[in-house]
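If you look up TrEMBL, you'll see 20-41, 373-396, 416-437, 457-475, 495-524, 536-558, 595-613 marked as transmembrane segment.
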Amino acid sequence: MGLLSDPNRRKALTGLLTRLNTPICIVCYLAGIVWFMGLAFEPFTLRTYMSENAMGSTMVEERFSSGERALSLAKEFDPPSACCGLNGMPVEWLVKAMQSRGLEVFTQSFSRKLPFPDENKERYMVRGTNVYGILRAPRAPRTEALVITAPCSPGNTNNQAVALLLALAQYFRNQIYWAKDIIFLVNEHDLIGTQAWLEGYHHTNITGMEYSPLQGRAGSIQAALSLELSSDVITSLDLVLEGLNGQLPNLDLANLFYAFCQKLGVLCTIQGKLQRNDWDTAEGYTHAAQTMMLMVLKQACGRSWGDHGLFLRYHIEAASVRGINSFRHYKTDATTIGRLLEGMVRKLNNLLERLHQSYFFYLLPSLSRFVSIGYYMPAFGLLAVILLLRALDLWVHLGAPALAAVDGVTEPSSPGVLTVLTPVVISHLTGVALYLLPVHLQEMAVEHFPVSETEAVVLTAIAIYTAGLALPHNTQRLLSGEGTEQGWKVLKLTALLYLAVLLGCTALINFSLGFILAVTLVPITASITPHMPKALYAVVMVLLSPAFTILYCVFIYQELIEAPVSVSEGWMLFLSVISQGILDHALYGSLVYPLLALFIYPCWLMFWNILFWN
């Protein structure tokens, strides 16, 4: 405090930071990247452990033995009455099956018109029915509940999961130790059905969904498990944690899954990758880094990677368990999977309160190691401090003598308000157009061009994004004449602080998204000035813009999942990512698209305006 309160020392410190501003910024950027990449090195991570005493004190004894019965049920569920047949989900068959197992069975119909067709799943007007059965708790006042869900959608054969869910319901019905209601949910049309059921259960309607009210309810939902078995032969189980807007469940839920996999000898993966023990080798570190990077990319996109992701919005800890058929030397039967789910549900049944003891913000290089928020936030902080250092440097220069001589011409000490305000307003109006117009202009685009509705939305968004490059950098001259030297400095100071706040708030909610944006935006925004070669730096700025950041993430993701694509295939995936981002915002409330369109892109345009300042 003495250093800052003494004017002489404060002046000396400010002078030092100003004089060494560029070297310090370079060191901070490199240190931030190295810090982040070092997080995958096992000695720098923490070993996972169970924080909740009610789940970690003792292990339950699993007795589920109806795996063969589940397989026979799956065959009954196959065509012509398959859940994914042409006639949709066999509602009557499911209702009778659940009723025969002693459950209170209810159905919910729903419909949703998409803002534009979803070409990935070939749907526009979605209509479906959710079927759920409630097993009432015999030893409690029925104020709390657990959910086991199996999605059932066209083009996705999940018969094994539905059959195993029914077998578990029959087994659970004969047990007397349940202290919570258990809801067995079979939802149609994947996330749309889940969203309709959750909104009906909690009496909300935040996405414009049309659905019938639920006739049966249980207690407050404490946790949920989503089961997806894509093959008759399961060699491993993959845990999916990433939810809507980068939300993650409490780490104890992942620890619980890993503990039972270890106990039952089940091969388990995270991000589809097995855990390696050779952490001290280059191959071991690379494997952990790839696993962590996959989690970062999936979390940054803001979409829900399973039905569990929508439960997280309602403060319900949830995860998806996916059966994978990829490791041919292993095989896990339905009985073992049933016992794993039984053990997890019984442990969750023991909870006296919601999961809260462990971490909600973390990264996983493997299922046995984790990186807490206290370890990965310094990496982002080292990048964000660069913006503050550059802002400090500008502030010091702006506080210099009021009159500055530039080629013998006296320059005013301060720019006009409109000189700075005009590009800020125009940039944000461009962002508003990018957010609103693609969906609203799709009909007009389809009438005048030979494109589909989805292509019209995506191409309109790209057109507005590109048009924004030509609009703002001339606007300050229209109202205020030629820009001043201090004018661009004030604008850059404003933009630097604005970007720092944006990235900081984003990183607190979704670290992965904030970090990826900081990696690409910080270097160019910190160094840009009007005195640089405009053609060269214009290319660099475009290559480091938000749209190209998404494109890079598409190629990196495909490389990490070992499915590399060509340039043309990557471009098509990029277009698909844009359309899916707009759809996720309209259907489920994903915040990534409005964040990029309304805030990040306009902020980037402000720096684009600085490059072309006159």
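Glycine is no exception: its Cβ is also placed from the backbone N, Cα and C atoms.
By the Cβ criterion (distance under 8 Å, sequence gap of 6 or more), the transmembrane segment (595-613) is counted as touching the transmembrane segment (495-524), at least 3 such pairs being found. Between the transmembrane segment (373-396) and the transmembrane segment (536-558), fewer than three CB pairs separated by 6 or more residues in sequence fall under 8 Å, so the two stretches do not touch. Note on the transmembrane segment (20-41): residues 279, 285, 288-289, 291-292, 363, 365, 371, 375-376, 378-383, 385-386, 389-390, 392-393, 515, 518-519, 522-523, 526 of its chain, located 6 or more positions outside it, place their CB under 8 angstroms from a CB of the stretch.
With a cut-off of 8 Å between Cβ atoms, the residues of this chain six or more beyond the transmembrane segment (495-524) that come close are 29, 32-33, 36, 245-246, 295-297, 299-300, 302, 361, 363, 373, 376-377, 379-380, 383-384, 386-388, 390-391, 394, 537, 540-541, 544, 546, 548-549, 552-553, 592, 595, 599-600, 603-604, 606-607, 610.
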